[in-house]
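Visitor: First the structure, which I've put down as structure tokens, then a few questions once you've had a look.
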Amino acid sequence: MTQKLVRLVIVSLAITVTLLQAKTDNQEVSALNVMFTSLNSPSKLKGWKANGGDPCEDSWEGVKCKGSSVTELQLSGFELGGSRGYLLSNLKSLTTFDLSKNNLKGNIPYQLPPNIANLDFSENELDGNVPYSLSQMKNLQSINLGQNKLNGELPDMFQKLSKLETLDFSLNKLSGKLPQSFANLTSLKKLHLQDNRFTGDINVLRNLAIDDLNVEDNQFEGWIPNELKDIDSLLTGGNDWSTETAPPPPPGVKYGRKSSGSKDGGGITAGTGMVIAGACLGVLVLIIVLIALVSKKKSSLSPHFIDEDNSHHTPKFKSLTSHGSAQELRVDFGNDYKDGKSGDSGDENIHRIGSKGLKHYVSSRVMSFTDTEFANKLNAKRTTSTRSAVEFELSDLQSATANFSPGNLLGEGSIGRVYRAKYSDGRTLAVKKIDSTLFDSGKSEGITPIVMSLSKIRHQNIAELVGYCSEQGHNMLVYEYFRNGSLHEFLHLSDCFSKPLTWNTRVRIALGTARAVEYLHEACSPSVMHKNIKSSNILLDADLNPRLSDYGLSKFYLRTSQNLGEGYNAPEARDPSAYTPKSDVYSFGVVMLELLTGRVPFDGEKPRPERSLVRWATPQLHDIDALSNIADPALHGLYPPKSLSRFADIIALCVQVEPEFRPPMSEVVEALVRMVQRSSMKLKDDLSSSYRAHDDYDY
């Protein structure tokens, strides 16, 4: 009996040990495989493999795990070169990432492991800007990017990094003023900024509980705040500090807080009553000007204060029921495109201009979104005609973007950053600066073959390509600029004073976007898969009509899990070779879910059952009672229940797990049109416009 009991215990222990030795998460293995290859497969990383393997069980060099998850990468001093790989965001359990004291070059990756607490890329040869993506990594406690070749201004991106205790940007080539969001670093203890080119004052630091501050050898000026003079370790030499007595701060002025009336927000640095009076007078004048502007225009250019329902704009929308026949448009995205060749014999779709030509082009062709030409453009039906793509000079784009300054940064993704380009005559464009490492350095064509294909894509719900720039190793695409921003901003980044999108507008956005995707899938030959459909790539024009962006760049999206982010990627798309147009349909269904619920596709801060929007919402899509509970609270119930139910039915079809059960986009468009037609007969005479004097919510 005793022997049997002993054997039972031994077997149980063996089973327990086997369960504990769980294989490393597949996505994390893939991320490390790609990283190993990108680092040029260094022999010093013992155990690492280019394909497969088990980092946790096989104890790969520098890899530490907890259970089946990789939690630390300690790779300091391995003389590593190359790049870091493009799947780092798959390492969701990683808390420590140390690549210090290596020979790494190029830009810091845009997409880093999202839950890092300690990031150390110091003592390398990294250049470019500090990535804005750091602003979303709320768990960061330590950032060390010292002793590299980083340049440009620091983005104002530190608002959410309240846990950050150590920040080291020393020995780089960073410039400009300190960002005002430094004031939000309430846990900061150590700040090293020495040996850079920072300017302005350091007043933004005065309310922080820092005990180790080094700002030596910069171009700071003004005075060292008294609050900082008692710091145990304070180094301030090599700057242009004022030798005069520092003036006392004016009553009520708090340094280190962003002022609503000042971009710098650093407070008043002069101590005279004249300056104080002047500042007060300036604020008063600004208030008067703002009141005058508000009185003159009921509708602001801001996306958050547009009066959709009482707008008096002339109707500018194509009839929602006017589906039309899809004309075939030949677009070369085939093998020739992949090889850097164009299917056309010439470059008749590309028009080169210099500075003078650019001025004429911006003045005559890129009209503002309130003029007659743009109104006519909105009413234009599908066309297979092409429009010349203008070749911009690098110097012109550098001037219009202030040398691609962080202040003009609109956003960034897995293949590059988008900047606002402002011209002296008031016109504005959007410039997508694509990562140069994505192009084969051995080929001279650069971005030209892509431009040849993109210039053929024309649809009223697709953001138009204006031109491009391929010069000195830079590859950029120039698009229309939309002041209203993206659907993502409207749904997820609005404040409590914002006017939410009405139900009618949400339906219109869904239908317009569906038509854009249908055009890519079924009017273009061969079919164009988007591979990056998400709310941040759906821009909204002056009248809140959708314009799909980032199309025709699928060659750069080797793994859609990298660029789409969590929540949008279709289940089958984990295997890049399995991506089909039906995978685009799934992503579009997720966007419709965002319109319905107002939630983001994945929210790691919610309880586990609610983190994935699709998994949480899908079981409730066919329950009419549950639908009212998951509908966006910002709608305040102002929607017809039948319309909500039909909208949910379409979503349920789009997000089917098996791609063969999802409808093609043409059927999605037809379903949305039928939904509009069946919901209210009153829409027959009003389908040409989505604006009415009184919105009856009858979709």
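Cβ coordinates come from backbone N, Cα and C, glycine included.
The structure displayed is predicted, hence computed values, not measured ones.
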Visitor: Out of Asn184, Asn484, which one does Swiss-Prot list as N-linked glycosylation site?
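Guide: Record annotation (Swiss-Prot, N-linked glycosylation site): Asn184.
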Visitor: Going by DSSP assignments with H, G and I as helix and E and B as strand, what are the residue counts for the repeat 'LRR 4' (163-186)?
Guide: 5 helix, 7 strand, 12 coil
Visitor: For the binding-site residues Leu410, Val418, which Cβ has the most other Cβ atoms within 10 Å, all shown protein chains included?
Guide: Val418
Visitor: Determine the C-alpha span of the ATP site listed in the record, that is the greatest distance between any two of Leu410, Gly411, Glu412, Gly413, Ser414, Ile415, Gly416, Arg417, Val418, Lys432, in Å to the nearest whole number.
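Guide: So the binding residues stretch over 14 Å, Cα to Cα.
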Visitor: About how far apart, in whole Å, are the alpha carbons (Cα) of Val418 (ATP binding site) and Asn184 (N-linked glycosylation site)?
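Guide: Given the Cα positions, Val418 (ATP binding site) is 26 Å from Asn184 (N-linked glycosylation site).
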Visitor: Just the number: how many Å between the Cα atoms of Ser414 (ATP binding site) and Asn184 (N-linked glycosylation site)?
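Guide: Each residue's Cα considered, Ser414 (ATP binding site) and Asn184 (N-linked glycosylation site) end up 27 Å apart.
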Visitor: Can you tell me whether DSSP puts Ser414 (ATP binding site) in helix, strand or coil?
Guide: coil
